[in-house]
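Record features (Swiss-Prot):
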DISULFID  44-58  disulfide bond
DISULFID  59-72  disulfide bond
DISULFID  62-81  disulfide bond
DISULFID  84-99  disulfide bond
DISULFID  102-117  disulfide bond
DISULFID  105-125  disulfide bond
DISULFID  127-143  disulfide bond
DISULFID  146-158  disulfide bond
DISULFID  149-166  disulfide bond
DISULFID  168-179  disulfide bond
DISULFID  182-195  disulfide bond
DISULFID  185-191  disulfide bond
CARBOHYD  54  N-linked glycosylation site
CARBOHYD  151  N-linked glycosylation site
CARBOHYD  201  N-linked glycosylation site
REPEAT    43-82  repeat 'TNFR-Cys 1'
REPEAT    83-125  repeat 'TNFR-Cys 2'
SIGNAL    1-29  signal peptide
TRANSMEM  212-234  transmembrane segment
């Protein structure tokens, strides 16, 4: 028995066969393919498209933000376009019949709207600060927080489409762009390689020790240098005024120090021995010829004045030596006094043997030195005496109207700043000799030896 033939089914099969036969030509003609449309558009210049019904006509495309309503009816006529409705857009020139729908930022993907949708631009979605876009497909992405790189350092900071690149510290390994402790590493070969102790860590303690020791060594060196300087200043006190003048640019005030074993005081009539031409005269003590000692007896009245005018007549006194009982007779040839003649001493020799102090109570002595030194050589004279340049200029400005008073102030300042055993006429004489001013030295000597000066001035010893 055969299957019954249904007339309706047979008709359907015949129609299907006819459609398959005409598909390559008829269907293609009814619905033009995309390639054919592009070929026809290429026949027109840029910014225009071919009329869908008449290829010889090129119509102007619609601007972005608009869509095509009707094609141009003939060459030279404009295409009819309208602006896209709200929620739709076209981002470029087109001849589409309908605008595209705007996309919406997906909150479930933690997206945020960067800029809203406009007629000529689609909605722009992005991520919040400290987040990056992790794409799940070509168009869909999810916002993920950037890695803070705990237990590591940031190699590359977080960007819009890239997470932070971290470099983990020793004892941690990178897992999912996070630094995980090596204690969580079990049997992962990659993990075990990353958790090996680096060789460079062995030298780190040495580097840190050097960083600590270097400042300590510098500090101890400075302390040692300071201690040495203090010790030298204590060992050599004469350096203190010079160091003071170098640091402060001024002369240090020097206290008047009496020389060891030397007491200088003004001469008085009671303390000045008298002089006599008698060769047997004893200026200090008179001794009897008996073996026993007797009280000293003055033989002549004492001269009331002793000044530079008497220096050329100065003769050392002669003493009588009386042997004591039981003394060796070889030491004493005669009991009679034997005078010892002495040569006449020069003024310079007397000054060198007995340095004379420049006394401020006697301004005439200072003025004698001021008037004896040429003004053109005065600054050189004071520099050689040891007065600082700053002090010289200060006193010169202070007494600018009177040059003589300025020179007197400089000499007085030198006398006050110089120790007592150094501020002597001997020092002044040596400086003048070094300056080849022996004539000036003689003038000063004559001034000090003059009767007018001797009658009012007593040089201290």
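Just so it is clear, glycine is given a Cβ too, placed from its N, Cα and C backbone atoms.
What you are looking at is a predicted structure, and each value in this text was computed from that prediction instead of being measured.
Projection of Swiss-Prot feature records onto the structure.
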residue: 81; record: disulfide bond; DSSP (3 states): strand
residue: 99; record: disulfide bond; DSSP (3 states): coil
residue: 117; record: disulfide bond; DSSP (3 states): coil
residue: 125; record: disulfide bond; DSSP (3 states): strand
residue: 149; record: disulfide bond; DSSP (3 states): coil
residue: 158; record: disulfide bond; DSSP (3 states): coil
residue: 166; record: disulfide bond; DSSP (3 states): strand
residue: 191; record: disulfide bond; DSSP (3 states): helix
Check your understanding: Any idea which of the disulfide-bonded residues 59, 158, 182, 195 has the thinnest Cβ neighbourhood at 10 Å?
Key -> 182
Practice item. Could you check what DSSP calls residue 143 (disulfide bond) once collapsed to helix, strand or coil? Key: strand
Practice item. Using all protein chains shown, find which of the glycosylation sites 54, 151 scores highest when you count other CB atoms within 10 A of its CB. Key: 151
Practice item. Might you list, by sequence position, any residue in that chain lying six or more from residue 185 (disulfide bond) with a Cβ less than 8 Å away from its Cβ? Key: 173, 191, 192, 194, 195
Point to revise | DSSP three-state assignment (helix, strand or coil) for residue 182 (disulfide bond) | key: helix
**Study point:** C-alpha spacing of residue 125 (disulfide bond) relative to residue 117 (disulfide bond), in angstrom
**Key:** 10
Exercise for review: Select the most exposed residue of 105, 168, where exposure means the fewest other Cβ atoms within 10 Å, treating these as the disulfide-bonded residues.
Suggested key: 105
Review point. Near the Cβ of residue 125 (disulfide bond), how many other Cβ atoms are there if near means within 10 Å?
Key: 18
Check your understanding: Is any of the disulfide-bonded residues 72, 84, 102, 125, 127, 146 within 10 Å of residue 58 (disulfide bond) (Cα-Cα), and if so, which, in sequence order?
Key -> 72
Check your understanding: Tell me, how many other CB atoms lie within 10 A of the CB of residue 127 (disulfide bond), whichever protein chain they belong to?
Key -> 22
Exercise for review: Check each residue in the chain of residue 99 (disulfide bond) that is at least six apart in sequence and keep those whose C-beta is under 8 Å from its C-beta; list them in sequence order.
Suggested key: 67, 84, 85, 88, 89, 90, 119
Review point. Which three-state DSSP class does residue 105 (disulfide bond) fall into?
Key: coil
Point to revise | Rounded distance in angstrom between the Cα atoms of residue 44 (disulfide bond) and residue 166 (disulfide bond) | key: 55
Check your understanding: Roughly how many angstrom lie between the C-alpha atoms of residue 168 (disulfide bond) and residue 143 (disulfide bond)?
Key -> 24
**Study point:** Residues that sit under 8 angstroms from residue 149 (disulfide bond) by C-beta distance, when 6+ apart in the chain
**Key:** 164, 166, 167, 179
